[in-house]
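Undergrad: Sharing a structure, written as structure tokens. Questions coming.
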Amino acid sequence: MAFFQAQEISISFGGLKALDRVSFTVNKGEIFSIIGPNGAGKTTIFNCINRFYDLDEGVFLLDGKSLSSAKTHQIADMGIARTFQNIELFKNMTVLDNLILGRHRKRRSNILTEMFFFKPVQRQEINSREKAEEIIDFLDLEAHRDQLVVNLPYGVQKTVELGRALAMEPTLLLLDEPTSGLNMEESEDLAFWLDDMKEELGITVLMVEHNMRFVKQTTDRVLAIDFGQTIIEGETNEVLNHPDVMRAYLGEENVCNA
Amino acid sequence: MEFFNELTQTILNGVAIGCIYGMVALGFVLIYKSTEVINFAQGELLMLGAFISYSLITQLHLSYWTALVVTILAMGIVGAILERVVLRSLVGEPTYAIVIVTIGISYFIRSIVSMIPGWGTDTYGFRTPFTDKFLRWGDVVISYEYLSIVVLALVLIAAVFVFFGYSRMGTAMRATSQNQLAAVYMGISVTRVFSLTWTIAAALGGIGGILLAPITFVHMNMGFIGLKAVPAAVLGGFTSPPGAIVGGLIIGITESLAGVYLEEGWKDIAAWIILIAVLIIRPQGLFGIQEKKKV
């Protein structure tokens, strides 16, 4: 059941082939990780999905529909949400406002209907706030609800960003290094939430991750890439124990010594 | 009593002018916050608004209130067209180039106004429902004209703040000014936000025009008021909408007091003296947030 597919995607920057005919398939409801050394092209894949770069060749298919003709802001409308390695929040707004902004694509209104605060606009507003409160509950953000994001610790900001993505009610959630900068306890919480998201919300997750322990703990299937090329795609254990993957991560000699 | 009467009158005049400075400054701030461009045509948009309302009232014989609404809509459309035709094609160009283009737009508007039959370089006026009416409060006499400016300006400014604070689009616009990248990921169309920003800024200019017209009359050089609104915006911190209004009021009142109680000439530099004094004490402006880099 292919839910999201990359078919033979390639992109170059100048002379550098950042991605070279990479293909992978994410099934509905699974947690899929992309791993690889720094500079392997992992985040580039995300940026291509989000249409910040145009692919030179190949195509992404979401539920069979190509993303190639969408504008950047329309990707959210297609049900794809994302978090960032370096956190991209609205820093001078409260946690609640950030979550409500996640609802933007779910609401339809124009200046006139808002000016008179028509029934549908009221309903959307109430609905948005309810959804935001649900997420605050789910991610344990109650204590920070009305605080400005800029004043929050890093780990909490990461959680808010996850919450904002969830507020979009995505069908596909892209997480770019979700555990980077988190301590052990926070990573455990995240693993727990991911499990809930998968089981209860049925969200398909595609993530880029360096923390192998975390990948092992949470992920169903893995794609390993290096230098823009696929090493292997498969079940988590199979990929993590593959000699080529170990070589890419640890270097030739270390594998021989191990 | 005589002194008290004069003082009240002077301050009220200052508040009225200050509201208009504030509105023009708010236009500066809105555009700067979302696009980092300082729109030097803001004053000319005000002038154009004044001319449009003048034509609507004296030539088409519309009522003041109808003219007010039509002017706001017309100026909104002008703003949207400017954004669509000129500014959008400059996305990605260096900011200073775009700022220079806005100076070009201001000259363009002046030329257009001077060429339109019935407008040109003459001075015009029109009657409002408040002309020649006064409120007497003991010995203090307050003109309805000034009072109407204050009330209307405050109502419209409040509407802008409610829009930004609570509406879906307003929230999206605030979000875009904080983090464009994240806004795009939320499904917010940044092009639409820019277009709306110019629409609102131009409409604010237009309102400023129709409100100012009864006091200064309608003429081509009305746009120079934009140069007084710049210190108002800087005073408030340049990124703070409430700061723009407060800055406008401070400059309006100071100028008005200086005009009555000081030697001739002080009036025009009062705004700048206040600005320099404030910037020495608070370099980030009254409401500005000092960006501190975490190291």
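Cβ coordinates are placed from backbone N, Cα and C, and glycine is handled just like the others.
So TrEMBL has the following annotated:
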| type | residues | note |
| --- | --- | --- |
| TRANSMEM | B:12-32 | transmembrane segment |
| TRANSMEM | B:63-82 | transmembrane segment |
| TRANSMEM | B:94-116 | transmembrane segment |
| TRANSMEM | B:146-166 | transmembrane segment |
| TRANSMEM | B:200-220 | transmembrane segment |
| TRANSMEM | B:232-254 | transmembrane segment |
| TRANSMEM | B:269-289 | transmembrane segment |
Undergrad: Would the transmembrane segment (B:146-166) count as touching the transmembrane segment (B:200-220), i.e. at least 3 C-beta pairs under 8 angstroms with sequence separation of 6+?
TA: yes
Undergrad: Assess whether the transmembrane segment (B:12-32) lies in contact with the transmembrane segment (B:146-166), where contact requires at least three Cβ pairs under 8 Å among residues 6 or more apart in sequence.
TA: yes
Undergrad: By Cβ distance under 8 Å, which residues at least 6 away from the ends of the transmembrane segment (B:94-116) in the same chain are close to it?
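TA: Same-chain residues near the transmembrane segment (B:94-116) but 6 or more away: 35-41, 43-45, 47-48, 51, 82, 86-87, 220, 223, 226.
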Undergrad: Can you say which of B:63-82, B:232-254, B:269-289 has the most Cβ pairs under 8 Å with the transmembrane segment (B:146-166)?
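TA: Comparing B:63-82, B:232-254, B:269-289 against the transmembrane segment (B:146-166), the winner is B:232-254.
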Undergrad: Against which stretches of its own chain does the transmembrane segment (B:63-82) lie, if we need a Cβ under 8 Å and a gap of at least six residues from its ends?
TA: 41, 45, 48-49, 52-53, 56-57, 105, 128-129, 152, 195, 198-203, 205-207, 209-210
Undergrad: Cβ under 8 Å to the transmembrane segment (B:269-289), counting only same-chain residues 6 or more beyond its ends: which ones?
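TA: Apart from its flanks, the transmembrane segment (B:269-289) reaches 228, 231-232, 234-240, 242-243, 246-247, 250-251, 254-255, 257-258, 262.
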